[in-house]
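Comments concern the structure below.
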């Protein structure tokens, strides 16, 4: 059974459960007193949000309001925002509705926002492989909290006229009209960790050095019981044979790092899953210098590592019964007197030689050594069975899939199916991509074992994944997630994503660990569903529909095995009685 988490959020932005809203919301709003201003709702600045259901008539809705996904209308007299969802809202459309409502309330300077009438028909994402399915009501409550927390996020730390920045407490109180306090607490943690991934990515290269991210791991994860197993820095990387990682960062004034850390949530299992993240803190392209217009956002080239770090923080805070290893390769790819060269031939930790044909294809070099080290050399308490790497690896995946979906490459059907299901339930969508023999052949070297880019420009994301496949041990289940499309963001908000780092992948990976009988998970603690994209729940939270307020259903039984055994015993007793009566 999943452990109950604290209702007190450790993050600056959080949501509260308020079944007593009708009586006490005025007092909560009164904590932030301001005079009514133009554009404000009224003097006490309290707003509620109602999500328009598909069967709701026009009566009671603002004139001209159309119930379509993303639409928003304000009824000033009732102090209510009406959010449109359409007839069959997906989890992404629902997230957009929550985000629009929170942002509008912030513009109106509301001191409190109440999210009411949560929809009962939010669907997972559908695709060619799976029809959308309705999410359990308890998941909707959790996601409402998470979406509200991520919607309220603003990265203003570097502004002169900031109001405390992203680390300050949000001045607007956000409430959900529900008594599902456990679900809201989990949503606060998930949303808070997504925001942390964003803040890590939004750091600029003058402060977001490899050392800073290593220090974040020791400061943020170690107190949660995550053990730092290995830290290799600078020359120690070369001494350990991690020459690919070492050479990428050799031209920078900042020393490169390899950090391996482990969370043990299931001491009864000897198996674990590794999350491996690419952490290029800035990518100039090295001596294969990027052109103007292609370099400005390259402080976000470490979002793979940020996703891994924030996901494992969320796992630890949620106390999930899984065993997870994090491994991040951290380096700055820039130009200096010691920069590595196009045409360099470098021996990897695995022993394979790699001809560097382009220093701007550095992420795969970092991942190659990091993958080898975590599989072969890391001294862990559990045995790795699955490795998932996450990286903003290729521009080709952005061209092929756009900015909404990440590309997924895998050598295991079940692993890919479970990851796809997690993408559908979370809205962080994935799309399966191939690694064919032609892609592997394209990465074979002439005078070295491998080359880091192919000789032509075809299938760039597939050839990059083919390169990485050489560094996966026999029998290891592996997936490579290229998040360069949805993982890097832009200068302006887009849909429910803010400007800057979007935090893609954290929710998806958390859904994966809760959906799937992953390596190192407690088998009877996480319900296994089909690949329909619905999140598993613990015994304390039934997936049956909750009440209108989103109340959690009480547990029906303590243990499945006990109930089955009791049923068998009863049948045996009944049979014996029947036999005695016949004899009489």
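Note that Cβ sites are derived from N, Cα and C of the backbone, with glycine treated the same way.
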Practice item. Choose the correct range: of 477-530, 531-584, which one does TrEMBL annotate as region 'Disordered'? Give that range. Key: 531-584
Check your understanding: Do you know the mean pLDDT across the domain 'Cytosol aminopeptidase' (358-365)?
Key -> 98
Practice item. Run through the domain 'Cytosol aminopeptidase' (358-365) and tell me, per DSSP, how many residues are helix, strand and coil. Key: 3 helix, 0 strand, 5 coil
